Structure formats: C-alpha cells, structure tokens
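Undergrad: Quick one: this structure, given as structure tokens, is what I'll be asking you about.
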Amino acid sequence: TSSSSVQEMTNVTAVLEFRLLGFSSNPHCQILLFTVFLAIYILTVLGNVIIISVVTLDPRLHSPMYKFLKNLSFLEVCYTTTIVPKMLANLLALRKTISFSGCMAQLYYFISLGATECYLLSAMAYDRFLAICEPLHYGVAMTAESYARLAVGSWVTGVFTGFLPCLMVSRLNFCSCNLIDHFFCDISPLLKLSCSDTTVTEAVIFILSLLVLSSCFLLTLVSYLLIILSILKIPSASGKRITFSTCSSHLMVVTIYYGTMISMYVRPTYNLPSELNKVVSVLYTVLTPLLNPIIYSLRNKAVMKALEKIVIRH
C-alpha cells in the first residue's frame, strides 16, 4: 500500500510543465500564423484602447450604455492578452512549453474573464431593455449607482466563477503525459490529457457552464425579445430603424459570442476533434475581441463623431 501511494505521488508530481502542440509543426506555417495573429492582436488592443479613450474623454458618452462598453473593451484586452502573447511566443519557440502553475493561471483567467463577459453582456442587454421599453423610467432605474452595481457585480462574480473549475482541474493527475493538443490551456484538452477519472470534474464544469452561459443567454434573449416587441409597436419605419440601431451592435456581439461559447462548453462530454476545437477557440479568443470594437465603433454614430472630434482637436 505504501509503495503504491509513493508511486501515485511520483505520478502526480511528474508533470511540472506542459508542451502545447499548437497549430502546425511546419516552420513556414508557424511564421505565417505568427504574423497574422500578431497583427490581429495589435489591432484588437488598439481598437479597444481607442474605445476606452473615446468614452473616457467625451463627456457626452458618460451614459451607462457607453460605460458598459468601456468595461467590455477593457475586458477584451485582458481576455485576449491571457491567450495570445503566450501563443505568439510558442509559435516562434523550439520548445513550446508552459509551466503547470502558468497553465492553471491561464485557465483561471480564461474562465473568469469569459464568465465576466457573459455577465457584462447580460447587464448591457438589461440597460438597452430599460432604455427602449421603459424610457420614462430609465433615468430612475439606471442611475450611476445601478450601473456601478451591475458592472462591479459582473467583475466580482466572474472572478469567483473561475475558482471551482480551475481548482478541480489542478487536482487531477497528469502522470507522465504532458502534451496538450491545443494552443492554450483549455478545459477540454486538459481533461483528455488527465489519467484520473474526470467524470465528476466534467459533470461539475458542465453544470457550471450550463448555469452561467444559459442563464446569461436567457436573460439577454428575453431582454431582446421585449425590445423587438417594443420596436414593432413604433408606428414609423424610421423610428423603428433608429431605435433598433441603438442595440443592433450589441445583438451582433452577443450572437457571435454565445454561438461559439455554447457550442464549446455546454456539452456533457469533451470529445470534439482537436482541430475543430482549435478553430472554434480561435473565433472567441482571437477574432471576437477584434470584432467587438469594429462592430461598436462602425455601427455607432456617437462613438464615430466623438472619435472624429478627438482626432481633429489633436
């Protein structure tokens, strides 16, 4: 019994780092991917920083809607920075490794920031619901205090959401196998890699993902169904168009984000083919943070006007 427990301890502590297999072993392909992902990362950070700056500098954009947008832009910078810099470094490295503690930290931030985005998108949908469906009560319902409560609540709840999945994954045994068939430390490849029984871990993560994603998605969906019903009651076509334009950007972002996240995480088993897993992961870790500032700035006249004024002034 004592020798088997010693062997078990040896197996548990054997993996001090993981090797990330990434996308391709072809050097030319890796240089191409590095160039593309670096360009996307720079544009993502730049685009989101521009939105944060514009909303901060223009007093007319200090309404809850734009403050929520500033929160979302800041979150997107953090979210993509959790994944992309390490991925870029590994595309150029001969040994594509990440330490065990680094892997768990990446997993924690990835889950926490992903959950925070769900809560923020729900809060933004609720804000649009109040503005369009309850315009006379909007000033009373969405005060600076109400906005702060929703924004801080989204961040704090997101921080706590990441603890349990990360703790459960970190307690799994990985024995001597350390090859992660992915470009970052995601739940699915880590569960595949473990030599422990992952049934309980999978069940807990599935239930948590279902609760977070489905509840936030349903709240957002209900808000938009009520918004659409209110828009349909507007008599003029131009009135309908103007009202819908105030929430169409958010609706596009919500559709892209929830579409990819639900397809990835609200599944009882994690048996998606690794190549498909990587492609879908690129959508929400690399492309969605880039699309958000593009969608919000190009489709929002107030943001574009404020940006023009700041550029002209300087």
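Just so it is clear, glycine is given a Cβ too, placed from its N, Cα and C backbone atoms.
TrEMBL labels come from automatic prediction, so no person has curated them.
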Undergrad: Between 68-87, 168-187, which stretch does TrEMBL give the note transmembrane segment?
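TA: Going through 68-87, 168-187 one by one, TrEMBL gives transmembrane segment for 68-87.
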Undergrad: Are the transmembrane segment (31-56) and the transmembrane segment (278-298) close enough to be called in contact, which here means at least 3 C-beta pairs under 8 A that are separated by 6 or more residues?
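TA: Taking Cβ pairs at least 6 residues apart, the transmembrane segment (278-298) and the transmembrane segment (31-56) are in contact, with 3 or more under 8 Å.
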Undergrad: Under a criterion of three or more Cβ pairs within a distance under 8 Å and sequence separation of at least 6, are the transmembrane segment (147-164) and the transmembrane segment (278-298) in contact?
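TA: Result for the transmembrane segment (147-164) with the transmembrane segment (278-298) is no.
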Undergrad: Which of 68-87, 203-232, 244-266, 278-298 has the most Cβ pairs closer than 8 Å to the transmembrane segment (107-126)?
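TA: Between the candidates 68-87, 203-232, 244-266, 278-298, the best contact partner of the transmembrane segment (107-126) is 68-87.
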Undergrad: To the transmembrane segment (68-87), which of 203-232, 244-266, 278-298 is linked by the most Cβ pairs under 8 Å?
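TA: Top-ranked stretch among 203-232, 244-266, 278-298: 278-298.
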